[in-house]
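*Asks:* Annotations for this protein, taken from TrEMBL, read as follows:
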- 6-25: transmembrane segment (TRANSMEM)
- 37-58: transmembrane segment (TRANSMEM)
- 117-134: transmembrane segment (TRANSMEM)
- 141-162: transmembrane segment (TRANSMEM)
- 204-226: transmembrane segment (TRANSMEM)
- 233-253: transmembrane segment (TRANSMEM)
- 265-285: transmembrane segment (TRANSMEM)
Amino acid sequence: MKLVQFKYVFTALLPILVVAVYSIIFKINIIEIVRSLTPIIILAFVLSYLGQILVIALRDKKIVGVSFYTAFKARLLGNSIGLILPGWVGQELTRATVYSKEHVELIQGFSLSLLEAYYDVTVGSLMFLVLLPIRFIAIELIYIFITIGNIIGWSLGLAYVYTTAGKSIRIEKSIVKLIGLDKYYFVLNKGKQAMKDKIEGKNFITYFSLTVLGYLVQSLSFLAMVSDYFKDILINMTFFAATLFPIPGASGVSEIAFSLFLPPHFVVAAVVLELLDYFIGFIFIRDIDINELKKEFYKIKKYGEFYQGSES
């Protein structure tokens with residue numbers, strides 16, 4: 001237990017430790033950098049971040065069918081938890097938990113959170129690749145590989161979900177039986193159907209457009225540092241590409257991303273401000289009700305037992 005607690009504490013502190021190391025290497029006084037941040041720069045980052053969340057929450061509201069305020073809280077809190085727990089355990093499960101407060105089943109909420117993530121990742125990756133000609137640097141190859149890999153992986157995954165939803169797939173049954181979870185096969189089927197129901201041509205265009213708009217709004221934050229909006233978009237999308245690495249807070253890779261365009265003191269300032277943005281969501285931490293989460297898992301367990309009984 002203590003080892004697990006240490007892991008979470010270390011994960012939460014890792015972004016700060018990396019900033020400290022970066023500052024030592026480039027002989028930057030972090031305290032002076034923080035003190036030198038003007039209200040305009042701070043507001044630019046915070047307001048553009050919240051602006052993006054507002055746009056994306058509008059998209060998430062349409063996808064999940066919850067209130068706008070719930071979608072807004074879920075997105076903010078999911079981003080915050082993602083600092084500590086990268087991957088689906090952090091952002092997607094957190095959003096699903098918040099959605100459950102509006103009586104959205106955990107399975108459905110989690111599946112639709114993954115659909116949200118599909119748009120977040122693929123649209124962000126495409127924007128990064130499209131903007132590369134503005135200024136290409138060889139070191140950006142690592143970001144090119146990670147974005148292309150994510151586009152292919154997520155697109156194939158969504159195509160598989162769309163074509164197999166509502167069908168009994170023998171290889172799926174074999175895999176879940178092999179790992180001893182055959183009585184929960186219904187969870188996979190239910191999740192795939194929830195996603196397929198939301199994948200339509202008209203909706204796709206709407207969700208895609210709102211995601212693009214969200215990233216464009218977020219890019220406004222860098223105008224206070226670089227007065228070239230197209231370059232600001234590229235800076236923002238390069239930072240996004242860095243967040244695709246399964247590293248808490250994109251530690252290390254985010255500093256590299258910013259250093260491609262910004263001087264060292266702005267790199268530190270940008271990382272600090274991005275961390276500030278992501279920490280905002282913790283004001284909604286009480287929306288994660290552990291007891292409600294336990295009830296949802298209990299439902300899944302009981303449904304699984306029912307499913308197993310019906311198959312025997």
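Keep in mind that glycine also has a Cβ here, set from the backbone N, Cα and C atoms.
Just so you know, TrEMBL annotations are computer predictions that nobody has curated.
Small disclaimer: the values here were computed from a predicted structure and weren't measured.
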*Asks:* Which residues, given as numbers and ranges, are at least 6 beyond the ends of the transmembrane segment (141-162) yet have a Cβ under 8 Å from it?
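*Replies:* For the transmembrane segment (141-162), the nonlocal Cβ contacts are 115, 117-118, 121-122, 124-126, 128-129, 132, 192, 195-196, 199, 238, 241-242, 244-245, 253, 257.
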*Asks:* Give the one range among 117-134, 204-226, 265-285 whose Cβ atoms make the most pairs under 8 Å with those of the transmembrane segment (37-58).
*Replies:* 204-226
*Asks:* Restricting to the same chain and to residues at least six past its boundaries, which positions have a Cβ under 8 Å from a Cβ of the transmembrane segment (265-285)?
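*Replies:* Cβ under 8 Å, 6 or more out: 15-16, 19, 22-23, 28, 30, 33-34, 36-37, 41-42, 45-46, 49-50, 73, 75-83, 98, 221-222, 225, 239, 249, 254-255, 258-259.
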